[in-house]
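Step one of this worksheet: look at the structure below.
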C-alpha cells in the first residue's frame, strides 16, 4: 500500500493499530522541501516494553521517501541550470552588440557607403541570434549561441581556390625554406665529406710519449688512453671542465708499453693489452678484475699451454658476447678468453704459412656479428676462421701485404661484407671477404712507423680513415679520408707536428679521436653534427685552484668545560690564516740551510745528523800526535795507579812491565856518529 523506506529495524505499524489512516509523504511535501514524514505516538505499549526490557521500545521512527527526494532534487537542478544558461546568453548577446556598435562607428567614420553595407549583416546577425535564442529557450540548449553564418560564408567564398596565395607576389629567385632544407639534406647524403665533424677540436695531454692505444665506451661517456710511457689515463667527458684533466692515471702493467685498449660491448670493463704475455681486464674505474694466465714456454705445441708465452700484439672484445675477448701474441697463436675463467684460454687458433710453419699474428679482430675471427700475419697474409672451427681457415689471402711487414690493423665495415687492412708496407687496402684473392681497392704511400697504426670506417660506411707517420721535423701528421667505393682521397686534416698513430670515429657521438706520437689525444667534433662527448666539457669553466692552506695549530674541543677553560673554536680558516699572518712567530720565514761549515750552533748541510757530525769532527780528526809511542804511554801512569781492565785479571801471573827509557834529543845527537851529525 505504501511507498517508502523505513530507516528503523522494526515494522512501521504498532500492534493493534493497523486500521489507523496513514498520510502519504507526497501530500506533505512542499514546493522546495524534502519528502519527510514524522509520526508521533502517544506512548509505548506497556506489555511490549516489559517484554523487550526497555521503556523506549515501540515509538514511531522518522521515515524518508527517497523517490520523492530524488525527483525534487532533479527539478531544482534543472531550474538552476536554465537560469544560468539564460544569464550567460544575455551577457554574450550584450557583449556582441557592443562590438558591433564599435565596428559600425569605425566604418561610418571611414566611409558612408560602407556603413550601409555593414548594417545588413549586423541586422541579420541580430535576427539570427534572436531567433536562435527563442529556439534555444524552447529546446533548452546548453552552451554559447552559434556564430553568425554570414561571417563564416564570407571568407569561405573568397578562399575556395587552395592554390591562391595571400599577400604580395614573391620576389624573383625566392625558394621555400622547406625546399632548401630538403636540398641540403640531399646534398649531405650525396657528399659524405660534409658529415666529417672537424670544425672544432680539443686536446687532451696524455704525456710526452706516443699515445699507442685509444678506447671509447659504447655510450661515449668515457675515453681511455694508453701510451709508451706505461700509463693508462681515464677521461670522463661529463665530469671534466675546460682544464681537460684525466680523473685517473695508473700503470696496470708496470713497465710494459700499452698496445691496445678497448671497452667491452656493455662498457663495464676494459681490456688492456701490453708488451707482456698476460692481458688484463679492468673495471670502469681502473681497478683490476682479471689477469690471463701465462703459458709454459717449454711446451712445443702452443695449443697445449694454458696461455700466451710471448709478447702480446693486440686484442679486442667480442661484439655480442660481453664475457669473451681475443688476443694474439708472438708465440704464433690467437686465443679467445672468458672473463670468468682466468686459469685457461677458451680457444686457440694457429696461423700457418704456405709451408705450414708457424707465423706470428700482428693484429686480430672479430667480425661485426662475432662469427668470424681475422688475423694479419708477419708473412703478409690475412687469415680468417670460423669462430667455432679453429683448425682450418675459412678465408685466407697469402699475399695481402708485403712479406716481413707488420700488418697493423684489420677492421670490418658496419655492413660486415668488407674488410679494411692497414699494412706495414705503407698501404691501405679494402677486401671483399667472399673474394679474398684480390683487393677491391688499395692506396699506397701512406707511411707507417708504428705497429699499431690503425684505420676505421665512418658511421655511414662511406668513408675510410687512417693516419700517416712522419719523421721528426718532417712536417705534420695527417688524418686522411678516402671514399669507400672509389678510394679517392676526399679530405685530410693536419693534426700536429708528429705521427698520427690511432684514430677512432665513434658512431653515437659522431666525433673523431686521434692519438699522436707526441703524447696528445685530440678530439674533433662539430657543435651541430656531434652529440655530447667533448661538447659537455668545453662549456664548463675551469675550477678555481684552491689556495694551499697551512696546517693550523691543533686545538681540543671541550664542549662541557667551564667557559674560562674552554678554548675558542675556529669558525673560519681564512680568518685564522689572517691572524697567523700577523703573528711574528707563526709567520716567521724558515731559515735557509747552512752552506759550508756550521755556525751559530747550527750544523752544516753535510753534517745534518749526529753521526755525520761525529764522523766529521771526531773520528776524522787528523790532529794527532807525531809520536804514537808517547800517545800510548801517556796513560801508562794512570793505568798503573788505577788498574781497571787487564791488570786485575792478571795480577798474580802478570810480570812487571819494563819500559825502555827515552833519551833526550841532545843525548841522541851526542851519541850519533860524525857523519850523521854533519847531515843534521
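In case you wondered, yes, glycine gets a Cβ from its N, Cα and C as well.
What TrEMBL says about a protein is an automatic prediction, not a curated fact.
Here TrEMBL flags 84-107, 566-591 as compositional bias 'Basic and acidic residues'. As annotated by TrEMBL, compositional bias 'Acidic residues' applies to 177-190. Taken from TrEMBL, the feature compositional bias 'Gly residues' applies to 597-606. As annotated by TrEMBL, region 'Disordered' applies to 84-196, 566-606, 660-680. Annotation comment: TrEMBL describes 204-236, 305-347, 366-386, 410-441 as repeat 'WD'.
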Output the single range from 204-236, 366-386, 410-441 maximising the number of Cβ pairs under 8 Å to the repeat 'WD' (305-347).
366-386
Which whole number is the mean pLDDT over the repeat 'WD' (204-236)?
92
Residues of the parent chain within Cβ reach of the repeat 'WD' (410-441), under 8 Å, 6 or more residues beyond its termini:
362-369, 372, 374-376, 380, 382, 384, 395-397, 400-402, 447-448, 451, 453-457, 459, 461, 464, 466, 482, 484, 486-487, 507
Provide the three-state DSSP residue tally for the repeat 'WD' (204-236): helix first, then strand, then coil.
0 helix, 19 strand, 14 coil
With DSSP as the reference, give the number of residues of the repeat 'WD' (366-386) in helix, strand and coil.
0 helix, 12 strand, 9 coil
Taking DSSP states H, G and I as helix and E and B as strand, how many residues of the repeat 'WD' (305-347) are helix, strand and coil?
0 helix, 19 strand, 24 coil
